[in-house]
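**Student:** What follows is a single structure, and I will ask about it in a moment.
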Amino acid sequence: MGLGYEAWRETRRSLQQLLSANETTLRDDVSLRSRSASSTSVALFTIIYWILPYVRSTSIFYSTSIFNNTSIFNNTSIFNNTSIFYNTSIFNNTSIFNNTSIFYNTSIFNNTSIFNNTSIFYNTSIFNNTSIFNNTSIFNNTSIFYSTSIFYSTSIFNNTSIFNSTSIFYNTSILYSTSTVRQSRIMSNILHYYINCLGYGFWPQSNSHFLVFPLLCVCVCVCFICLRAFFHQSSAMMHLPSEIGDYTDFYSSRDHATNVGIMFRGKENALMPNWLRLPVGYHGRASSIVVSGTPIRRPSGQMRPDQSKPPVFGQSKQLDIELEMAFFVGGGNRLGEPIPIERAHQHIFGMVLMNDWSARDIQAWEYVPLGPFLGKNFGTTISPWVVPMEALLPFAEPNTVQDPKPLPYLCHDDAFTFNINLFVSVKGEAMKEAATICKSNFKYMYWTMKQQLAHHTVNGCNVRPGDLLASGTISGPDPDSFGSMLELSWKGSKTVDLGGGETRTFLKDGDEVTLTGYCEGNGYRVGFGPCAGTILPAL
């Protein structure tokens, strides 16, 4: 059961290298203290890593003690004369444990638990006056991860952010109640934290001390907590990738705007006077944004199908899809301080697929003069995978030529339009296979994401990490690239063939709609995962 002398030697060597690196880091740059604190967490997790296998089911010192008859410290003590924490402060004059060394006159396992009544970071607590293992011994007759949560009643990061005023787990305890995967949206909130703190450009520019160590701590903790570190995707329940505070939907495809304008206002007035001057948008409903796989209930509302008669109330008969993409805001801005277009990319974290479900008959009656309301807010679906902008940069293409030229605050020369292949398929209840009804591409967008964000904040509006900004329906120049059934059926005047005798003008109950997309390189693809939903009957 013992770890063995050679194993302990390797552990000691690894710890010394880690501690030496941290000593140099703190000496060179005081601003890296938070990174060193993360390194300390790694050191602690390393110790736990070696000890953990002997804690579960069989105590280290139960029946077969490591020190029984053959003491590791017999004649050749690991810490003899060169104690890691004795006379050699880890961080040179700034001891982690502030005058209380773990190994100084106190045996680790000699009637004194390392963490029992002694805060690890006494007076210099990473978590601001909250000991990680406050009054709870790791080895106090309880396996770390068996029946009793290490942090029982005290979330590690509860209301105390390590980095930027936002808890990594957003008020959700790691071990709250039961399985992390099934009961807590850990990964969703971890990503929300990284969206908050990191944003565009952090990944390639960061060094290992700040990026790898916090990420490693989180990964090690999650892996230790779960009996299985990985699950088959089919058995996993997906969640929204982030807590979405606000949601704005733009109207940035010229082909789509032109098609809809022709249907409702005629060819001569297809585009409103402002459309070529600014990115038109409206504020959507964040609470009804759902993750892929969530069913969508057919909405009811007020509509006026016969213009010669008063409006009526009932189920929407023109339920539609909208092929869109959306981006998550990374770093936000302060109220009153616009985001200049030169720096807009620094606030764009990554992209997802989005289906902006639309009830066209409800929308047509209500949208004048303030825009969409009940025709949109009953449900919006996004894919669970966020693709960072760094992964999409190799697929950037020159921006669409804009005429007339936008005002200076909306002008940028760098390419920020992306070649992303997009598809929409529909599968009815009686259909064996889904039928593809649309093949489009994100490169058809007229206004770029940088222009959308710069315009959104030019008046001083503040955006926050996790806010979602959507592109609007993505349609191309050809009929098979139209991103909505409103266009594909041309306002219901013709049918869309699904094969096998199935046709549609708008969606029926039981129809499953799936959006997919990917960028294609030389021998590889960057995918976004599915964005799917099935229509349920109205109540």
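Glycine is no exception: its Cβ is also placed from the backbone N, Cα and C atoms.
Remember, TrEMBL labels are computer predictions, not curated facts.
Keep in mind that this is a model prediction, so the values were computed, not measured.
Copying in the features that TrEMBL gives for the protein in this structure:
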- 209-231: transmembrane segment (TRANSMEM)
- 248-526: domain 'Fumarylacetoacetase-like C-terminal' (DOMAIN)
- Asp249, Glu322, Glu324, Asp356: Ca(2+) binding site (BINDING)
- Tyr251, Arg265, Gln363, Tyr367, Thr473: substrate binding site (BINDING)
- His256: active site, proton acceptor (ACT_SITE)
- Asp356, Lys376, Thr380: Mg(2+) binding site (BINDING)
**Student:** Return the single residue from the recorded positions list (His256, Lys376) that has the minimum number of other CB atoms within 10 Å.
**Tutor:** Lys376
**Student:** Starting from Thr380 (Mg(2+) binding site), work out which of the binding-site residues listed here (Asp249, Tyr251, Asp356, Tyr367, Thr473) have their Cα within 10 Å, and give them in sequence order.
**Tutor:** Asp356
**Student:** Taking the centroid of the Cβ atoms of Asp356, Lys376, Thr380 (Mg(2+) site), which other same-chain residues have Cβ within 8 Å of it?
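**Tutor:** The answer, listed by sequence position, is Asp249, Gly284, Arg285, Ser288, Glu322, Met354, Asn355, Trp357, Ser358, Pro372, Asn377, Gly379, Ala470.
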**Student:** Taking just the CA atoms, what is the gap between Asp249 (Ca(2+) binding site) and Arg265 (substrate binding site) in Å?
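**Tutor:** About 22 Å separates the two Cα atoms.
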**Student:** Which of the binding-site residues Tyr251, Gln363, Tyr367, Lys376, Thr473 has its Cα nearest to the Cα of Glu322 (Ca(2+) binding site)?
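**Tutor:** Closest by Cα distance to Glu322 (Ca(2+) binding site) among the binding-site residues Tyr251, Gln363, Tyr367, Lys376, Thr473: Thr473.
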**Student:** CB neighbours of Gln363 (substrate binding site) within 10 A?
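**Tutor:** Taking every protein chain into account, the count is 21.
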**Student:** Of the recorded positions listed here (Tyr251, His256, Arg265, Glu324, Tyr367), which is spatially closest to Lys376 (Mg(2+) binding site) when Cα positions are compared?
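**Tutor:** Of the recorded positions Tyr251, His256, Arg265, Glu324, Tyr367, Tyr367 has its Cα closest to that of Lys376 (Mg(2+) binding site).
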**Student:** Given the recorded positions His256, Arg265, Gln363, Thr473, find the one whose Cα is closest in space to the Cα of Asp356 (Ca(2+) binding site).
**Tutor:** Thr473
**Student:** Using a 10 Å cut-off on Cβ-Cβ distances across all protein chains shown, tell me which of the binding-site residues (Asp249, Glu322, Glu324, Asp356) has the largest neighbour count.
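**Tutor:** Answer by Cβ density within 10 Å: Glu324.
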**Student:** Quick one: pull the CA-CA distance for Glu324 (Ca(2+) binding site) versus Thr473 (substrate binding site), whole Å only.
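**Tutor:** Taking the Cα atoms only, Glu324 (Ca(2+) binding site) lies 5 Å from Thr473 (substrate binding site).
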